[in-house]
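S.K.: Please read through the structure below; I'll follow up with questions.
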Amino acid sequence: MTVDSQPADGTDDFKFFGLGGCNEVGRSCHIIEYKNKVIMLDAGVHPGLQGLSSLPFYDEYDLSKVDILLVSHFHLDHAASLPYVMQHTNFNGRVFMTHATKAIYRWLLSDFVKVTSIGGGSDARLNNSDPNANTGSSNLYTDDDLMRSFDRIETIDYHSTIELDGIRFTAYHAGHVLGACMYFIEIGGLKVLFTGDYSSEEDRHLQVAEVPPIKPDILITESTFGTATHEPRLEKETRMTNIIHSTLLKGGRILMPVFALGRAQELLLILEEYWSLNDDLQNINIYYASSLARKCMAVYQTYTNIMNDSIRLTTSATNSSKKQNPFQFKFIKSIKNLDKFQDFGPCVVVASPGMLQNGVSRELLERWAPDPKNAVIMTGYSVEGTMAKDLLTEPHTIQSAMNSDMTIPRRLSIEEISFAAHVDFQQNASFIEKVNPSKIILVHGESNPMGRLKSALLSKYASRKGTEQEVKVFNPRNCDEVTIGIKGLKVAKVLGTLAEEQLSYLKKEISTQIKKDNVKIEELSDDNMDKETMPESDEKADKESEDTKNDIDKNNDENANEKNIISTGKALSGVLVSKDFDLNLLQLQDLHEFTQLSTSIVKSKINLKINADISLMKWHLEQMFGFISILADDEETWECVIMDMIDISVEKNNSQSAGGLLINVEWVNDNLMADSLADSVIAILYSIDSSPASVKLTSKSCSHSHNKVKEEVDDDAMIESTPPPEKNAHANSEISSRIHRITSLLKAQFGDSLKTAAGEEGKKATIVIGKNEAKIDYLNLTVDCNSRVLRDRIENIIKRGCGLAAPLSQYEKTT
């Protein structure tokens, strides 16, 4: 397990788990996890292994957790185990690939079932190194499994974005083969780019790999050729055609093992063009020996619209003489039956499979190997453990695929000219630099080339180490887990009525600020005009004009800062809705419009009885909350509302018969404040009976005297039982009382520096600290001071003082 960094507060872990294709080429399959979303990338087989051992390590991961499976292209090492995953595991996710990939997938895997030893069919030409292996029972899946999986596959267009349950992914051209794509994946703000196999080199029919317009955080890229550098395309083509030409003139035969689809079509285009330019070769046949390639040629003829500009212009030309399909060959024929193939003279055969494990290419190799006039040209990447890889060592003998006890002398020449549509080091490094990720995970490469590529990349970005731009490179092995801590910023969108209120508020603030700016600019301009009317030299006038401009710029900068202060830090209250990692802040009434959520109103009601009268109850409520709004007060009902949230009602007739007040308290449970306020009201009502204040308010002095007790007069005891006055001390705090409390706070902060203005009856005050003087107007609650720091400090104290001095609920203003 590789850990990039220890998880910290506010971070989520991104996890990469390689089930195949890590430190190897073949059976590509990778799992990425983030925020409980799981994506599988490719599902291939290893071309050098047989049966279940050729599969990725599916038993090491719970495939039922996978939400989406994305297939980059149709090659067997990326797609051949897909039917097995979909039909023989607990995988329940959705599968996506491009239209062209799906069109070829059906034919390719049908041929795979028949031809390989895994299929075990009657037509299979087997290459089983183990004579005791039970090929008939080693089927990974059947044709029926293949067709059922085919029906479940969904397609995606290039440059289109699909969003499913919080996962967004977009397909981009990857080059490599027809239909190949790289996926740009977004999960909860994290951006991941999976290149699959890709090519940045232009060829005859495919578009080069695209660079996505958005920078990914994590790049998962191939490392097939490590730090190797490709020979230029034109030089490769010239070298290949020269070898073919010279071999044919000597009477030899050329075998070109290829994958049935992909590079085969590119090589056929090269040969078709070369034959058209050389009349001496036009009587020599070119064959492509693959029933699969023949079936899929119609797909290539159909999907010319996703090929490069040259192909698209040729196929869409308005002039019928120029319009042609480049895949309708003139000099190339297909071989339908190898048993009837007559190979007595020189010829060129493009045959599959490319790894020479079995099939037509292996049979022709064994047939032509003893003749030194013949040649085999290896045009693709050769995987470890295959005949193609062994052949590059130029062995003296090769083993027969049909009879493992028989060896065949090898005298034909072997040439390696790689037309594999994979990036070399320069192309890979250039692409990485363009997308500029901070984390790179290398896949699809043998251990040594991958290790060299990792070292080269770390050396290239060594100057960034220890900085925020540091680039980290990982090269995990199969079944290794890479964990990367991702720290993201959560941003919520304000929608609906709440957004309209905020826009209105911002417009008002901006409009006010613009007016202030214009006034200041006009004042400065007027001052400048007054100065210019005086007789002065041109030099002095220019200087003052420049000073005026600087003053305006300075004031504009200050005003800009004030705007920032005004527009930030404002608290918003609403319902935060989270869906697919998107956060939206709404008011309750907007939920139905912007979400699929339904809303209900829950109203609480409680009945209680107290031994007191209405006036005493009202007095206690006013002492706590200040103002209470009386809705009804007649012979039958008394009702009030506290802070527009708590409704209290009393049925007077029922209360008289019950010997106390029967009180009904109701409130809507739509926020925490309402529930807290209701708890406070109920607590006050229940405590009225036993409150010492209630005893004092309702007690009377005796009308007679007690001789044995010294008669004393208690002011509290003199309070009559008549209802307390409407305007009690707390509910109707006088302005002077509030000013006194605010002044006390300022006094505690500034001491003797606080002076009350003479003759203003405490309505104004000044604070002098050093050279800075602040003038305070208590009635308007304004502070005038040339020091912003001092002014902000005083305003903050006044703001807190107002909150402390004011009751919870204010009296309604009357006009």
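Here the Cβ of each residue, glycine as well, is placed from N, Cα and C on the backbone.
Small disclaimer: the values here were computed from a predicted structure and weren't measured.
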S.K.: Hey, Swiss-Prot has Zn(2+) 1 bound by HIS73, HIS75, ASP197. Any idea which of HIS88, HIS176, HIS205 it lists too?
M.R.: HIS176
S.K.: Per Swiss-Prot, which of HIS245, HIS396, HIS444 sits in the Zn(2+) 2 site along with ASP77, HIS78, ASP197?
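M.R.: When Swiss-Prot describes the Zn(2+) 2 site, the candidate it includes is HIS444.
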S.K.: Taking the centroid of the Cβ atoms of HIS73, HIS75, HIS176, ASP197 as the Zn(2+) 1 site, which other residues of that chain lie with their Cβ within 8 Å of it, listed in sequence order?
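M.R.: Near the Zn(2+) 1 site, the remaining chain residues are SER72, PHE74, HIS78, ALA174, VAL177, ALA180, GLY196, TYR198, GLY262, ALA421.
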S.K.: Should any of the binding-site residues HIS73, HIS75, ASP77, HIS78, HIS176, ASP197 have a Cα within 10 Å of the Cα of HIS422 (active site, proton donor), which are they?
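M.R.: Neighbours among binding-site residues, in sequence order: HIS176, ASP197.
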S.K.: Can you check what DSSP calls HIS444 (Zn(2+) 2 binding site), collapsed to helix, strand or coil?
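M.R.: Where HIS444 (Zn(2+) 2 binding site) sits, the three-state DSSP reduction gives coil.
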S.K.: Are any of HIS73, HIS75, HIS176, ASP197 (the binding-site residues) within 10 Å of HIS444 (Zn(2+) 2 binding site) when you go C-alpha to C-alpha, and if so which?
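M.R.: Correct set: ASP197.
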S.K.: Please report the distance from the Cα of HIS176 (Zn(2+) 1 binding site) to the Cα of HIS78 (Zn(2+) 2 binding site), rounded to the nearest angstrom.
M.R.: 13
S.K.: Around the Zn(2+) 2 site formed by ASP77, HIS78, ASP197, HIS444, which additional residues qualify by having Cβ within 8 Å of the site's Cβ center?
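M.R.: In sequence order, the nearby non-listed residues are GLY21, VAL25, GLY26, SER28, ASP42, GLY44, SER72, HIS73, HIS75, GLY196, GLU222.
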S.K.: Name the residue among the binding-site residues HIS73, HIS75, HIS78, HIS444 whose Cβ has the smallest number of other Cβ atoms within 10 Å.
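M.R.: Relative to the other binding-site residues in HIS73, HIS75, HIS78, HIS444, HIS75 has the fewest Cβ atoms within 10 Å.
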S.K.: Please report the three-state DSSP label of HIS422 (active site, proton donor).
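M.R.: Coil, per DSSP.
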